[in-house]
Amino acid sequence: MGTPSERTPLADRVEELLAGGGPLPIVAAGEPVLRRRAEPFDGQLEPALLARFVEALRVTMHAAPGVGLAAPQVGVGLRIAVIEDPATVPDEVRVARGRVPQPFRVLVNPSYEPVGAARAAFFEGCLSVPGWQAVVARPETVRLTGLDEHGRPLDEVFTGWPARIVQHETDHLDGTLYLDRAELRSLASGRAMAERWTQPTPAEAAAELGFDLP
Ligand code: ZN
């Protein structure tokens, strides 16, 4: 564990980021930090600084707005992410996508493995790839292990939309963007999404754009 008298370069970087106050700038695809495997968190930020950083991630996620944010997205290569989804969507969307509310959570050093063979395919987007969405087929249920922000073990099964969120955010920590896993023929601009593809499932988009669903 680091000590305040031996501040790490990452701690300096985070202090610098937090000095600005308010939501942090989100880095976009093309920044190498989004393509590197983030360092496991091992006390590089002392507890008070970690708490301030997590709060800044929460504020930034809300401001974006988004339902998840990984530390590399603000330029910090540590295996830390936050998630939270109020799931304020119409009933038919909630049912089709399994989009149930997900309370605020901090994931430290998370990893996941699929549970069962079922896959679900839906449009998803990323705050680091603004203006676009694409369909990604992912395991419908995953087991997530890791730690919370207090260092307590996390071992939990997620399904539906929350499972999608934890996979997307954990992937960020491995330098993977959702586009790496996407059906590229489904790539759609924000405008096309709003005008054409608001259905609860991507079935119509698959037929019209010519891509397969699981
Ligand atoms: Zn993302």
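Cβ coordinates come from backbone N, Cα and C, glycine included.
Here's what TrEMBL has on this protein:
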ACT_SITE  Glu169  active site
BINDING   Cys126, His168, His172  Fe cation binding site
Compute the C-alpha separation of Cys126 (Fe cation binding site) from the residue listed as 'active site', stating it in Å without decimals.
10
Hey, what's the Cβ neighbour count for Cys126 (Fe cation binding site) at 10 Å?
24
10 Å Cβ neighbour count around Glu169 (active site)?
26
Could you list the residues of the same chain, at least six apart in sequence, whose Cβ is under 8 A from the Cβ of His172 (Fe cation binding site)?
Leu34, Ala38, Ala70, Pro72, Gln73, Ala81, Ser128
Helix, strand or coil by DSSP: which one applies to His168 (Fe cation binding site)?
helix
Give me the non-local Cβ neighbours of His168 (Fe cation binding site): same chain, 6+ apart in sequence, Cβ-Cβ under 8 Å, ordered along the sequence.
Gly68, Glu124, Cys126, Tyr178
Quick check: with Cys126, His168, His172 left out, which same-chain residues have Cβ atoms within 8 Å of the centroid of the Fe cation site Cβ atoms?
Gly68, Ala70, Gln73, Leu127, Ser128, Glu169, Asp171, Thr176, Leu177, Tyr178
State the three-class DSSP label for Cys126 (Fe cation binding site), counting H, G and I as helix, E and B as strand, and everything else as coil.
coil
